[in-house]
Amino acid sequence: MCEGSVIVVNCPVPDPSTTYKQVLHLVDILLSSFVIGPLVIAAWRGIWNLADIYLFPDDGIDSALASIVIGLVGYMLFMLPQKLICDSFNRDKHRITFYIFSRLYTFIFAVISVLGCRGPWNLVDLLTPYELTWINLLTVAAVVLLIVTKSLANVNAAPFLITTDEHEDYFLINTRFKTSATEEPVIYILDCLFSTLVIGSLVAVAWRGIWAVCDILLYPDDGAYSAWASTIIGYTLTALTFAIQPITRSLCDQIDGYRRIAVADAFLFFSFIGCVNVWRGIWMLLDVYFIPDDYTLSNWVSYCLSFLLLVLLNCSNSILVRGVFIDAEEPSGKCVVFPIYYIRLVFQKQRIVLEKNQEDCTTNVIHINTGISDEKLEKSKGFATQNCMGEDAVLINEYRIVFD
């Protein structure tokens with residue numbers, strides 16, 4: 001065997017280009033707006049309307065109060081033992097058990113989420129005049145209180161929010177003041193009650209207000225026209241929201257303090273108007289066109305089928321309303337970036353696997369019999385390196401090739 005030389009080839013996995021990232025971002029927007037968002041809306045419609053059918057259908061007040069009680073008790077039952085649930089159903093330790101329990105958890109919690117919103121909404125409907133003046137006053141009051149408590153971010157939902165079922169903190173529910181259940185149990189319970197009864201109710205009243213204004217102003221005598229009008233308005237505002245998001249983010253990068261919060265809240269409120277219209281439009285379109293001859297069946301299918309499809313898409317968690325977000329909590333312009341990561345998470349996971357596999361075989365020695373004599377090899381003996389690193393390289397792997 002002749003003395004060999006070693007060629008080290010550095011072959012990185014290039015970092016995705018800006019165009020590549022923009023394409024993935026666009027795909028996430030489209031999926032959130034036209035697939036995941038409508039499925040979440042359909043699930044909510046099914047649960048809400050089934051509650052109208054089965055929960056004290058002849059007494060609106062009792063039905064609303066029952067929704068509030070079920071929602072509050074349900075939230076507390078999920079919030080108080082959340083650490084125990086997280087420890088008992090660890091995804092890494094008991095993957096199958098986690099998968100089964102987490103989907104059952106979501107199925108039940110979805111009902112609690114909807115009833116927790118339905119109760120205050122219907123109660124306000126029943127106890128206040130259904131007139132523009134009253135509706136606007138209540139809506140403005142709710143929005144102002146949410147701004148004062150720095151909780152306006154909680155008004156948004158799909159298509160501006162996606163939560164996948166692989167989320168590490170699947171069972172965690174943030175409270176407004178982020179108190180500790182172990183260190184301050186009494187304060188924590190009060191925090192849970194405030195997050196559910198106060199913040200949750202204010203969000204419901206704000207949603208109800210925008211929805212009711214649309215009911216009054218958009219073809220009130222024609223359900224189909226009203227539904228299509230809301231859908232068009234909603235998706236137009238949604239498109240504009242995503243279009244101006246980079247500008248808003250850049251602006252928030254350059255300012256701080258209350259000015260940044262004010263810009264973020266204005267942007268969130270604009271997106272909120274679009275969000276409500278998307279929900280109202282799709283909801284009413286389902287009422288008009290989806291199994292119109294059997295209202296009960298329509299809603300059962302609406303919930304169960306949507307839930308199943310969201311489970312298959314690995315984002316049934318998007319149905320839930322849990323935890324309290326704080327306005328402009330994220331640094332700089334990230335406070336106006338909507339968490340709609342789906343395709344990007346899929347590609348990121350694949351990339352991590354690829355990088356790990358390459359790390360595991362960082363040094364591979366390949367012996368090749370070249371038949372070159374020691375004398376000839378001595379003249380060119382040395383070390384040759386071919387570097388194929390790019391500007392965006394994120395990982396370097398060395399392949400050692402030894403010529404025998």
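A Cβ is built for glycine as well, from the same backbone N, Cα and C atoms used for every other residue.
Those TrEMBL annotations? Automatic predictions, nothing curated.
Not measured: the values here are computed from a predicted model.
What TrEMBL records for 23-44, 64-80, 100-121, 133-153, 186-207, 227-248, 260-280, 300-321 is transmembrane segment.
When Cβ-Cβ distances below 8 Å are used as the criterion, the transmembrane segment (260-280) is approached by residues 33, 37, 41, 44, 143, 147, 150, 152-153, 155-157, 159-160, 206-207, 210-211, 214, 227, 230-231, 233-238, 240-241, 244-245, 248, 251-252, 327-328, 335-336, 338 of the same chain, each at least six residues removed from its ends. Residues 29, 33, 159-160, 214, 218-219, 263-264, 267, 270-271, 273-285, 287-288, 333, 336-338 of the same chain sit 6 or more residues outside the transmembrane segment (227-248) yet have a Cβ under 8 Å from a Cβ within it. Using the rule of three or more Cβ pairs under 8 Å, pairs at least 6 apart in sequence, the transmembrane segment (23-44) is not in contact with the transmembrane segment (186-207).
Beyond the ends of the transmembrane segment (100-121), by six or more residues, the same chain brings 43-44, 47-48, 51, 55, 64-72, 74-75, 78, 85, 89, 165, 170-171, 196, 200-201, 203-205, 207-208, 303, 307, 311, 316-317, 319-322 to within a C-beta distance below 8 angstroms of the stretch.
Sequence-distant contacts of the transmembrane segment (64-80) (same chain, six or more residues past either end, CB-CB distance under 8 Å): 51, 55-56, 105, 108-109, 111-113, 115-120, 122-123, 126, 171, 173, 175, 181, 189, 192-193, 196-197, 200, 322.
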